[in-house]
């Protein structure tokens, strides 16, 4: 990639229909794990006008009121009024869970290559990434896109901008100079609002746009990056119909929002609703943990990790490191350090990151990475000093 370029990432709020689905799926996972942390869970959710459908495969000893979990999640997000197209009290919730296939379970319970370990729950490839663009070691565009919609929800819930409704999307276009963030070229923020805020694009009140820029955007984005920045606020002019009424929501349909905003490849597997025997989730978390510790150790300014698995096999097919020329030692040497200091077998990942806990609801909105939450063990940099010493730095 050229040293001077524009790069864009987007995020969506907790009220976006796909994120509603993700949050319900992870709330169900947490409710199950609170009783039985060895459950096998693949909880999928569909949301539409006045309707929630829960489906997937669950094998558990837990006794969970799935319908109530779904309603509680919708309430917490803020869909508490029939005018919003879905409300927690009156929406229909359909439940259609099966048990995990025994064909899959036998390969997960005992790995074909390591009888003392668990096998991967599926084949697949996963990526982790870290870079020095922000203190959280995340790419700046996705990091700030998350913070914008997070602030939208905060101001909606605390009543400072009472005309806001739950659905919102943000997009940040960053200008890079010499390969580093220089300024923000464009900010797009579309937020659902009450009907009285605008009737047509030409009648949109200036006070609405001003409130979004002054109360949401400017408090979040670094002022030194706001140089001739273009602001596009509700570009269609009206955003009253939103959430599951505006679009059908599905679990796992915001995988780029959930990860790095397109700054690195994605293996295609979603996270929400999946227990950590599913390497789509746990190995992606582990790959982030590895990449973040490599950058924190000063071994590279940016680091991409790829791991891949075969179903029923414990050991990854490959561990590949790519630092895009920023590494202080060869990528192959960093990969050897990773293999020596991180157990990337499924059971090893679960133990290393303490994943058999009801910690997943927090991950389901505003990004799985780059957030200093105590539950997010994959954000620790506790291996940085060890890696640095092992590299001889």
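The backbone N, Cα and C atoms fix where each Cβ goes, and this holds for glycine too.
When Swiss-Prot is compared with the stretches 78-88, 89-99, 100-110, the one noted as region 'Flexible loop' is 100-110. Distances between the Cα of residue 247 (ATP binding site) and those of the binding-site residues 18, 44, 100, 278 are shortest for 18. There are 22 other CB atoms within 10 A of the CB of residue 18 (Mg(2+) binding site), with all protein chains counted. Classification of residue 274 (ATP binding site) by DSSP places it within a strand.
The ATP-binding residues named in the record, 16, 167, 168, 169, 238, 239, 247, 253, 254, 270, 274, extend over a maximum Cα to Cα distance of 36 Å. Between residue 254 (ATP binding site) and residue 18 (Mg(2+) binding site), the C-alpha separation comes to 7 Å. In this structure the alpha carbons, written CA, of residue 18 (Mg(2+) binding site) and residue 44 (K(+) binding site) are 11 Å apart. Spatially, by CA atoms, the binding-site residues 44, 57, 100, 278 include one closest to residue 16 (ATP binding site), and that is 44.
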